[in-house]
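Positions annotated as ATP binding site by TrEMBL: Asp6, Val7, Gly8, Asn9, Thr10, Arg11, Ile12, Lys13, Thr120. The substrate binding site feature in TrEMBL is assigned to Tyr87, Gly94, Ile95, Asp96, Arg97, Thr172. Per TrEMBL, the feature active site, proton acceptor maps to Asp96. Feature annotation from TrEMBL assigns K(+) binding site to Asp117.
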Amino acid sequence: MILAVDVGNTRIKAAVFEDNTLLESFVFLKTALEKSIENILEKYKNTTHLVIASVSDVEKQAFISFKDAVNIHFVSQTDPFPFVNCYETPQTLGIDRMVLAAGAILQYPNQNRLVIDAGTCVTYDFIDENDNYLGGAISPGLRLRYESLHHFTAKLPLLTLEKPKRFIGKSTSESIHSGVVNGLVFEIEGCIAEIKGQYSKFIIILTGGDSVFLAKRLKNTIFANSNFLLESLNQTFQYKIKND
Ligand SMILES: Nc1ncnc2c1ncn2[C@@H]1O[C@H](COP(=O)(O)OP(=O)(O)O)[C@@H](O)[C@H]1O
Ligand SMILES: CC(C)(COP(=O)(O)O)[C@@H](O)C(=O)NCCC(=O)O
Ligand SMILES: [K+]
């Protein structure tokens with residue numbers, strides 16, 4: 001069994017896999033990292049490997065207490081990945097985006113793919129049918145948009161995510177919900193339209209903490225899967241074992 005751990009900038013997501021089957025998934029905060037992993041390993045005693053991808057400031061050291069119980073692998077740029085990396089600064093590419101690209105290739109072979117991860121940030125990653133990782137885009141995620149409107153102004157309240165009542169906001173809060181939610185929906189649809197101008201066919205995978213909320217509001221056919229990064233992490237590790 002493998003315990004895959006995705007350390008994002010907001011939350012930590014983890015899942016236990018038996019081969020390609022996800023047995024259970026978990027979400028927790030950085031402050032609960034050690035205790036949560038300990039509980040999972042206690043419940044799934046047959047776990048042999050802990051596979052971690054981190055884009056946060058959580059370092060290898062945070063997992064050191066588990067080193068006698070399981071093999072620990074921190075996914076890094078030096079691992080084998082199933083794509084040609086065409087990013088001009090490959091050394092600065094987020095490890096989460098590399099794992100997503102690998103997962104897109106391994107789960108959806110021989111086709112163009114757009115992966116959208118709506119987390120703290122929204123990341124867009126495009127991998128063509130010849131398995132070239134071409135790059136993409138980074139923009140603020142939903143919660144970050146609400147927080148920055150509040151943080152950088154004197155008068156705007158901090159709101160939490162809500163579906164807009166109507167497009168033309170009739171109050172400060174309606175205007176904020178409309179701007180934040182519709183703004184991101186238009187951005188995603190605009191990005192998809194832009195890529196459609198360049199590639200006639202591609203699949204779209206939507207993941208991240210806001211994927212379910214956003215999928216309901218998008219016109220395009222999209223594979224929304226909140227566990228896509230964890231599944232990809234498991235597959236990237238299997239790929240490493242086969243190709244190292
Ligand atoms: N309990 C929660 N705490 C924080 N964010 C949440 C929660 N539930 C849903 N979200 C949404 O999830 C998004 C963060 O997604 P997530 O995939 O966890 O980010 P990351 O991978 O960057 O840590 C936020 O924009 C927020 O709207
Ligand atoms: C863009 C990100 C902050 C997204 O992180 P997340 O929203 O998943 O927490 C992360 O992929 C990252 O730190 N990337 C490095 C820059 C790059 O990918 O070019
Ligand atoms: K993201």
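Backbone N, Cα and C define each Cβ position, glycine as well.
Please treat TrEMBL annotations as automatic predictions, because they have not gone through curation.
Shown on the structure are the features that TrEMBL records.
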residue	record	DSSP (3 states)
Gly8	ATP binding site	coil
Tyr87	substrate binding site	coil
Gly94	substrate binding site	coil
Asp117	K(+) binding site	strand
Thr172	substrate binding site	helix
Of Asp6, Tyr87, Gly94, Thr172, the binding-site residues listed, which put a C-beta under 6 Å from ligand 2? Please answer none if none do.
Gly94
Largest inter-residue Cα distance among Tyr87, Gly94, Ile95, Asp96, Arg97, Thr172 [record-listed substrate binders, Å]:
41
Taking only the binding-site residues Gly8, Thr10, Ile12, Ile95, Asp117, Thr172, which have a CB closer than 6 angstroms to any atom that belongs to ligand 3?
Asp117
Which binding-site residues out of Gly8, Thr10, Ile12, Asp96, Thr120, Thr172 lie by ligand 1, going by a Cβ under 6 Å?
Gly8, Thr10, Thr120
Quick one: give me the count of other CB atoms within 10 A of the CB of Gly94 (substrate binding site).
16
Looking only at Asp6, Val7, Gly8, Asn9, Thr10, Arg11, Ile12, Lys13, Thr120, the residues listed as binding ATP, what is the longest Cα to Cα distance in Å?
13
Give the sequence-ordered set of same-chain residues, not counting Asp6, Val7, Gly8, Asn9, Thr10, Arg11, Ile12, Lys13, Thr120, with Cβ within 8 Å of the centre of the Cβ atoms defining the ATP site.
Val55, Ser56, Gly119
Nonlocal residues around Tyr87 (substrate binding site), in sequence order (Cβ under 8 Å, 6 or more apart):
Leu93, Tyr133, Gly135
About how far apart, in whole Å, are the alpha carbons (Cα) of Arg97 (substrate binding site) and Thr10 (ATP binding site)?
16
Between Gly94 (substrate binding site) and Gly8 (ATP binding site), what C-alpha distance do you get in Å?
11
In whole Å, note down how far the CA of Thr10 (ATP binding site) lies from the CA of Asp96 (substrate binding site).
13
Same chain, 6+ residues apart, C-beta under 8 Å of the C-beta of Ile12 (ATP binding site), given in sequence order:
Val5, Asp6, Val27, Phe28, Leu29, Lys30, Leu33, Ser36, Val58
Inside 10 Å of the Cβ of Ile95 (substrate binding site), count up the other Cβ atoms and send me the figure.
20
Using only C-alpha positions, which one of Gly8, Thr10, Asp117, Thr120 is spatially nearest Ile95 (substrate binding site)? These are the binding-site residues in the record.
Gly8
